[in-house]
Amino acid sequence: DDGRIDIDVNSGLAETLVNLVPKNRVSVHTPSRRLTIQRSWNIRLNIVIQVVGSRGDVQPFIALGQELQKHGHRVRLATHDCFDSFVQDSGLEFYPIGGDPKELMAYMVKNPGLLPSMKTLRKGEVQHKRTMITEILFGCWRSCIDPDPKSQEPFTADAIIANPPSFAHIHCAQALGIPLHLVFTMPWSSTRAFPHPLANLRTEKVDPEFINFASYGIVEFLTWKGLGDVINKFRRSLDLEPIPASVGPLIVETLEIPFTYCWSPALVPKPVDWNSHIDVCGFFFRDPPLYNPPADIDKFLRFTPPPIYVGFGSVVIDNPEKMTSLILEAIDASGVRAIISKGWSNLGKSLTPYSENVLFIDDCPHEWLFQHVTAVVHHGGAGTTACGLRNGRPTVVVPFFGDQLFWGRMVAAAGAGPDPIPHQSLTSEALSRAIAFCLTSEANAVAQDISSRMASERGTQAAVQSFHANLPFETTLCDVIPNLPAAWSYKKAPIRLSKLAAGILVNNSVIDWNDLSSYETSSTYIENNRWDPVTATASAYASLIGKMGSATMDMLCDPYAEMKRSHSESSNSATTAGRAVIAGAKGFGRFNIALVKGTLIDIPFAAAEGFRLAPKLYGEDVKDHGKVKDVKSGLEVAGKNFAHGLYDGFTDLYKRPYEDAKSDGALGFVKGLSKGTLGFVTKTASATVGIVAYPGQGISQSIRHMAKSGTRRDIKSRKMAESEHLMHNYEPRDFAEFVAIFECLRKE
């Protein structure tokens, strides 16, 4: 049991998700927006890059951050504390988000997929990892709004770039109202071309392309199953509504969040069923660091023949002594010279110098070292794989977890290496055969061909173009200083202001901070998926019961938790009792709010939406009346839905039979009559229920907006601090031009 996800197409979940796979195959390739949106970008943004993972996961984002800096952006890389110097030495700002990558790597080796082993469950490691994820979530949020930890220079993000395992990205973007762009080294978007890298498929009767597509939903479903409650608690702290279980797993795909994959199209081309918001840009390579090898490495490389490289980077191996012995046996059997990287597992630590044909080394830049070896043996991390192929080196992949098996398979499919050897199956004989394969002229020729095709790619430059192409250009511009992003909205006129412009205008007493509200350049709306009135109302009832049950548990458990906390703080009995009563009262309040809101608002709203969307079931396009954000929009949507619902419902009774009879005769008339009757029932029902439900939802949203204002106030205060800082540090000090532009706009 390697902890990966075995997907059996006969299981209930798999069957359901396979049935949701679009039946129509896409045959025409959709070009990425980078290739269709041609515009220069001169708006300087505060960009936070959030990365969770090993050093190899962080390194591509350093290259991306350096390229973004060339375009004038201020770039902060938020990742684990231990990568502080690694990030800052590259010239980027650093923000620590917590979490221990060594612990994460050790956990992933023991549990390569999403399902923990029984041994891990017994040790309580899962709860420890959930606690670590909570720490990372809050660290990611602070990275968006906190000043620089060292210089204390204020920072509020204008855009977020993140890898999917950082988890906080979309929630931070929603709270701040800013764009999000995801970047990753392995496929995370549903496609028929290949399965999810963490899935083992058993496909006997089902079309493999269908189960490939469904595997992404299954993996996301299991991820949400394990972390959904943690994420929703985090959202509550940001004053955001919880995400329903029916929406959470595929929220990134539903919202079509822009996604860039940093691998070479020469190795894995962009699948034909990925839309324009998804891009494949090429591997990200940082500028090679200046490196002078130590004397032992320099001396070893002067001898012939050139060695092979063996190393597993950040992977924490359970038994490094056994692995070292196995590698040395394979090297002896192959008759090759080898450089072995000690890595985080410290391979070879108990050995005296083994032989003149083997050298154990500490950290050494792959960009330099791989130019001097004949083949590489490694764990299959995307960065290491990219570096090996860029230098034309045949590759043996020994995967441990994550995307490593995927990259091993891609290398083998291209012919640049043998089939990957999972670390559980690794033997000295298997490794020796794999090394022999890499030393063949055929493998070398394929690796050299891939290298020549990669030479023309500019991964980081293409990724920055993709990032810019997916930004909302028109809504980002400041009306006073157009090369800066808007962060404020002037309440008395439709004028967008950057942080600097607002600071200048307030400092010159042209406006007051109370005249400004925080401006959202990219608003995120997360809505429940509705298909029909039956499932919609059933889902709303289930959600109501769940919220009431959760509130009941809070009434019972929170007082006990408060008593425990007070006891640990040595509080007196009166204080302890007071805290316990308040905690219980909060749970009671949540219970009543859930009951009233669920019965009077959520269920009618779900029914109205279910009736409105039901015609989609027989292929009809449904009108979008807009989002319900407040009382005003609720009344507008109710009015539109009522008018269109009644009109379309009554006209369907004669229009549908007539149109279908013209095309299919008597049978068409019967079909049309059925559709017309169904349309009449659903559309008039939606119109009738919606006249109350949509305004009710609008009132609920407005009340929530007023009651949950803590995060908005915090964001506003952070923006004010940065506005004042930028104004005081701006040169030249002549602000008259900016004031004049604003006054002109205000008069208009």
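Cβ coordinates are placed from backbone N, Cα and C, and glycine is handled just like the others.
According to TrEMBL, the domain 'Glycosyltransferase family 28 N-terminal' annotation covers 47-195. Per TrEMBL, the feature domain 'Erythromycin biosynthesis protein CIII-like C-terminal' maps to 353-460.
This prediction places the mean pLDDT of the domain 'Erythromycin biosynthesis protein CIII-like C-terminal' (353-460) at 91. Helix, strand and coil content of the domain 'Erythromycin biosynthesis protein CIII-like C-terminal' (353-460), in residues and according to DSSP, is 57 helix, 11 strand, 40 coil. Taken through DSSP, the domain 'Glycosyltransferase family 28 N-terminal' (47-195) splits into 72 helix, 23 strand, 54 coil.
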